[in-house]
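Participant: The structure follows.
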Amino acid sequence: MPKHILVLNCGSSSIKYQLIDPDSEEVLAKGLGERIGGATDGIVTHEVGDQKWSVTPRLPDHTTALAVVFHMFGQHGPSLKGVAAVAHRTVHGGDRFSSPTVITDDVVHTMQELIPLAPLHNPAGIEGIRAARSLLPDVPHVGIFDTAFFVNLPKAAHSYAVNKELAERNKIRKYGFHGTSHQYVSGIVPIALGADPATLRQIVCHLGNGASVSAIKGGQPIETSMGLTPLAGLVMGTRSGDIDPGIFAYLGRAEGWNIHRIDTELNLKSGMVGMAGVSDMRDVEARFEAGDPDAIDAMDVYTHRLGFYIGGYANLLGGVEAITFTAGVGENSAFARREICKKLAGIGVVLDEERNMIRDRSPHLISAPESAVKVLVVCTNEELAMAQQTAALLSL
């Protein structure tokens, strides 16, 4: 009997999905619903192999969008009768979910209680769960929490130096994000290197429009850059990353902005777009190579911040054996990898310029033989990881 897993990722205005065979790792179908809740027509695109179909219905909510997705499966295949389970990506599990979890009414209720920690993403995820449970009521639904990999960070790593009662009352701590990606990639690295995963000291750099870095020792994370929210840590496409918390109050006084306006500025108008005028690393590279001073300065800040984190994490690990680049920028931008590695000479990183230019979807080294640290590129696959975690949980 087939044991296909339907993987759903409900964002604030979108649904991404894949139908996956977790054993063969084959993607049987995939698609995207966009502009959910918008004032104009939405778009749902469904792909099977080389074939692609699109429709443009109104998508007032995720329930409607998911119904359209299921209609596309019904029209164009493959059949959802072979679905053994549905895996749901959930952005924030707080400190309540440390592993994949079978979704029940009680679990949904707990997820609702966590909405204040992820007000943009968790409501969409919950709506998607309810709709999918209604459309596929006879199969188990599993929550895969983006924060779960980091729930058991050491207390010194996850604690903030604020009033203890205030922190406990408001669940203030470092949660971390991109956990599914960090866990998946860090599991591939020891296989690629032929190293013992129980002792390997590694740093994973998940670099996309959102970006985070983690320190992993013996398969367990001991630090990560994102915090209570995904705003913390590295310089990102539109997010500032770490700043002096006093800037919030300062901007309120200097600009007359309220908290919402400041939050919008730091999440959507900062980072690379704030410094260089563009958020896409390909555009940053073009401006950098053309000698644009803003792009040059932005890359200097971007790489300085990441180098600062990697150096600190190398110390926490007691030395680092492998540094891995993954996600959109990490996998595809030889330019970004080159500029980052320039900042890592102090820990013995030597980049092989020719290897760095190779485009290869399989895990591969880009460090020179004399490098004291192995540097790799590993393509992340969060959907496959979710499908495999779901199959393992349910013993499929």
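Every residue, even glycine, has its Cβ placed from backbone N, Cα and C.
A TrEMBL annotation is a machine prediction, not a hand-curated record.
Sequence annotations record features per position, and here TrEMBL assigns active site, proton donor/acceptor to Asp146. Sequence annotations record features per position, and here TrEMBL assigns Mg(2+) binding site to Asn9, Glu382. Annotation source TrEMBL lists ATP binding site at Lys16, His206, Leu207, Gly208, Asn209, Gly210, Asp280, Met281, Arg282, Gly328, Val329, Gly330, Glu331, Asn332. What TrEMBL records for Arg89 is substrate binding site. Per TrEMBL, site 'Transition state stabilizer' is recorded for His178, Arg239.
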Participant: Can you give me the same-chain residues 6 or more apart in sequence from Asn209 (ATP binding site) with a CB-CB distance under 8 Å?
Facilitator: Met236, Gly237, Thr238, Ser279, Gly328, Val329
Participant: Need this for a regression test: recorded positions Asn9, His178, Leu207, Arg239, filtered to those with Cα within 10 Å of Arg89 (substrate binding site). What's left?
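Facilitator: For Arg89 (substrate binding site), the recorded positions whose Cα atoms are within 10 Å come to Asn9.
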Participant: For the binding-site residues Leu207, Val329, which one has the sparsest Cβ surroundings, going by other Cβ atoms within 10 Å?
Facilitator: Val329
Participant: Return the single residue from the recorded positions list (Arg89, Arg239) that has the minimum number of other CB atoms within 10 Å.
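Facilitator: Counting other Cβ atoms within 10 Å of each of the recorded positions Arg89, Arg239, the minimum falls on Arg89.
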Participant: Roughly how many Å separate the Cα of Leu207 (ATP binding site) from that of His178 (site 'Transition state stabilizer'), to the nearest whole number?
Facilitator: 10
Participant: Can you tell me the three-state DSSP label for Val329 (ATP binding site)?
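Facilitator: Note: Val329 (ATP binding site) is helical by DSSP.
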Participant: Who sits close to Asp280 (ATP binding site): which same-chain residues at least 6 apart have their Cβ under 8 Å from its Cβ?
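Facilitator: Looking at Cβ-Cβ distances below 8 Å from Asp280 (ATP binding site), excluding near sequence neighbours, one finds Gly237.
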Participant: Other Cβ atoms within 10 Å is the metric here; tell me which of the recorded positions Asp146, Glu331 scores highest.
Facilitator: Asp146
Participant: Would you identify which of the recorded positions Lys16, His178, Arg282 has the most other C-beta atoms lying within 10 angstroms of its C-beta?
Facilitator: His178
Participant: What is the nearest of the recorded positions Asp146, His178, Arg239, Glu382 to Lys16 (ATP binding site), using the Cα of each?
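Facilitator: The smallest Cα gap between Lys16 (ATP binding site) and any of the recorded positions is with Glu382.
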Participant: Given Arg239 (site 'Transition state stabilizer') and Asn9 (Mg(2+) binding site), what distance in Å do their CA atoms have, once rounded to a whole number?
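Facilitator: That separation, Cα to Cα, works out to 22 Å.
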Participant: What whole-number value in Å do you get for the largest C-alpha pair distance within Lys16, His206, Leu207, Gly208, Asn209, Gly210, Asp280, Met281, Arg282, Gly328, Val329, Gly330, Glu331, Asn332, the residues recorded as binding ATP?
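Facilitator: The ATP-binding residues span at most 24 Å between Cα atoms.
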Participant: Taking the Cβ of Glu382 (Mg(2+) binding site) as the reference point, list residues of the same chain whose Cβ is under 8 angstroms away and which are at least six residues distant in sequence.
Facilitator: Arg89, Thr180, Ser181, Tyr184
Participant: For Asn9 (Mg(2+) binding site), write down the residues of its own chain that are at least 6 apart in sequence and whose Cβ falls under 8 Å from its Cβ; none is a fine answer.
Facilitator: Ile15, Lys16, Tyr17, His88, Arg89, Glu383
